[in-house]
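What TrEMBL lists as region 'Disordered' is 1-51. As annotated by TrEMBL, compositional bias 'Low complexity' applies to 8-22. What TrEMBL lists as transmembrane segment is 156-177, 184-203, 232-250, 257-277, 308-329, 341-361, 395-418, 430-450, 462-483, 490-508, 528-556. Per TrEMBL, the feature domain 'STAS' maps to 580-705.
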Amino acid sequence: MTSLRTPTNNDDNSNTNITNNDEYLTPIRDNENSSSSSQASARPTSHKRHLERIQQDCAKGKPTIHRVYGLQHDDDESTSYTTAAGDPESWMKRHHHALKKSIQQKSCLDFLQCLLPMVSWLKVYQWKDHLITDIIAGLTVGVMIIPQSMSYAKLAGLPVEFGLYSSLVPIYAYAFFGSSRQLAVGPVALVSLILNNGLTLLMRNNGMERPDEGSEGYEQLYDEYMATYSKLAIQTSFLVGCMYILMGVLKLGFITIFLSHAVISGFTSAAAILIGLSQIKYVLGYDIPSDKSLHKILYNIFRNIGNFNYKTFLLGMSCLGTLLGMKFLAKKYDTHPVWKWSRAAAPLVVTVATILLALGIDFEAEGIKTIQDIPSGFPKFTGGLAVDIQNFGDLAILVISIVVVGFMESIAIAKQLASKHNYEIDSSKELIGLGMANLSAGLFGGYPITGSFSRSAVNNEAGAKSGISSIVTATLVALVLLFMTPVFELLSLPTLASIVISGVISLVDYEEAIYLWRVHKFDFGVWNFAFLGTLFLGVELGLLISVGLSLFLVIFESAYPHTAILGRLPGTTEYRNIKNYRQAERYDGVVVVRVDAPIYFANTQSVREKVQKYVNKEIASLEYRKKPDPTIHFVIIELSACSHVDTSALHILKDMIKIYKHRDIQLCFSNPNGTVMERFVQSGLVTQLGEQYIFVSTHDAMDSCLAAMHTDEVNKWSQHQQEEEVITKSAANVVKVGSEREIFPLLSMEMSQHDLGISLGLGLEQASPKNNAGVGLVLEDEESGLNGHAKSN
């Protein structure tokens, strides 16, 4: 089988030859020893004809001239921006084109679906089959969210009604505007803790501390403090909603991909421990000053251990044991018709049990605190408070933290549930859905919400098929606000704390740490860095450390891209990493380097240094093997994985061309995409390098380089042969001159030793006129003398 090596020189007088690679490539042959095939299998197909066409075309050995020019811009916009996804300019063009195309082609119904994603699933909703399951799922989640929302409101430092308000209008809003059909949104522990820490720090910086219970004027100071605190919580929710919507409009849903899984797991695990410890005061029965770091929380717990209330502890631990036990039963007997629902029913079971117990026992008299007061009725409109923002700069960091953590948590569970039900989640639409939910929370007396892992899992297991389950959940919360708030006023705080603790225990992802230690030690170190940073420095600094660590990893991977030396796989025209394929063949004088990343300002120096290292290493290898020509003549940079180059990269590549040219090394590029080639042409790099040194494939480049080195070596050998012939002739003439000296001593004495040295070193052609004359005279006299001597004889 003949391998087609294609010259890339655009001239017809190219020196590149077509060579035969029979020693490397195995021809494709029919199995001669196979049994005779049937008539059906012998029937010619288009695939067989295509295979024969390829074999015949390669067997001809005719060269195919590949030319790489600047981009021919196509007027068809559908194909104009399809290259280089990593190029920011192409990204902007592509999204501008997509927006323009969507506006031109979409109908009124399509626009309605964009504004209200619920329209898309309402069109295909099977009312008879799915309505009952959605109602059951909604009621199940509603049973969970009522006690959980009140617990998380306490965790956020807010009155319990804020949790119920955040589970009413915001859930309705997400059902209309959210893109996930199984995601259950509402108050969650992590966002509640971030809000509490952020607002507490903000209030402290403004000179307002939460008053201690029992202090002078406590009630008045507490009311003033909570009024300001609640206003800031409402404003935070409003700003979080606005930021979500803005990010959705700008299609910035990709931002969360910069947070690695190891970083997220470490941060969430540490935050879960801090959340559990923040609720321990309700279980132990005495006041513990809140703090944001582990060692200070533990110090505060043991400092006042003498105030321990065993009655509160027994109630709290009984509720916690019941919750964890029912979770265990649900996990172990997940197919049992009764026990599989125990996880969803657990919060309601402990809530009802505690309320029934409170009817017979005066908890307050026993030192067990209760909720005491829950306003009945729907929340008031708080739009005036939400927009009355006077300290936006102070809230900015808190808002960004909640946006990052909230969307990270929500999109993870939403995509997981969508994959189970065979539909796609649009990150931008999900941002808008969460934005509308948080915006409505700010307008109707709530605080920031996001998707809940636990409630979403229960919603999916209960058979939710659409957003109707969320509507049922919100409706159940509305009924509780209207008719059942006096009942929930009997609920004890240890019960709410046990619900929070049981919910965050599953967030401590120690299994992931074990997995990372076994599989990837570096990621295990990243996990521990985020975990310990959050645990001992607090959630805010922990989140900052986690985000910074993720960005550092992104920058590090980008600044030091993977590169590889390539070799040809025997029998093919494929070039692969020599570290992965030890049998790959390399050829003296040529180094093939692949850059597996875009080349831009952050990694240009690294790319240049790595290429230089490979060249020096190859030269050292040639010298060690004592090759006759221990030099590198060509460096081929393979750009198939390079999506784009910026101006910094172009300057560096031009410098490399100039530097290597001074060292008699020719730089070549293979397989650049359209965007990269366009930059090469516009910057003048093609003119400086020469278009003949840009190749369609690495094999084309190798063929051309080997052919060029072959031609140079042949030319050098021919020149060396000519020089040897000249030296041989000169030496023969000098020998004749020496013999003539014995016959004609006087004439021989006339030749100086200097002239003889010139004749020996340079040959007759390069001798001076004087020497030529002398030699000519000697030859002439020698001939005449010999002739005379012959005559005399």
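Here the Cβ of each residue, glycine as well, is placed from N, Cα and C on the backbone.
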Per the 3+ Cβ pairs under 8 Å rule, pairs at least 6 apart in sequence, do the transmembrane segment (184-203) and the transmembrane segment (308-329) touch? no
Selected stretch (most C-beta pairs under 8 A with the transmembrane segment (395-418)) from 156-177, 232-250, 257-277, 490-508: 232-250
Out of 156-177, 308-329, 528-556, which stretch has the largest tally of CB pairs under 8 angstroms to the transmembrane segment (490-508)? 308-329
Which residues of the same chain, at least 6 past either end of the transmembrane segment (257-277), have a Cβ under 8 Å from a Cβ in it? 155, 189-190, 193, 292, 294, 297-298, 301, 404, 408, 500-501, 504-505, 507-510, 512-513, 516, 523-524, 526-535, 538-539, 542-543, 546-547, 549-551, 553-554
Long-range Cβ contacts under 8 Å made by the transmembrane segment (232-250), restricted to residues 6 or more beyond its ends, are 156, 158, 162, 166, 195, 198-199, 202-203, 382, 385-389, 392, 395, 398-400, 402-403, 406-407, 428-432, 434-443, 445-449
Who are the long-range neighbours of the transmembrane segment (430-450) in its own chain, taking Cβ under 8 Å and residues 6 or more past its ends? 117, 153, 156, 158, 161-162, 165-174, 176-180, 185-188, 191-192, 195, 233-249, 252-253, 379-383, 386, 402, 405-407, 409-411, 414
Cβ contacts under 8 Å made by the transmembrane segment (156-177) with residues that lie 6+ beyond its boundaries: 115-118, 145-146, 148-150, 183, 185-187, 191-193, 195-196, 199-200, 210, 226, 229-230, 233, 237, 371, 374-375, 378-379, 432-434, 436-441, 443-447, 449, 467-468, 470-471, 473-474, 477-478, 480-481, 488, 496
Using DSSP, how many residues of the domain 'STAS' (580-705) fall into helix, strand and coil, respectively? 63 helix, 21 strand, 42 coil
PLDDT averaged over the residues of the domain 'STAS' (580-705): 92
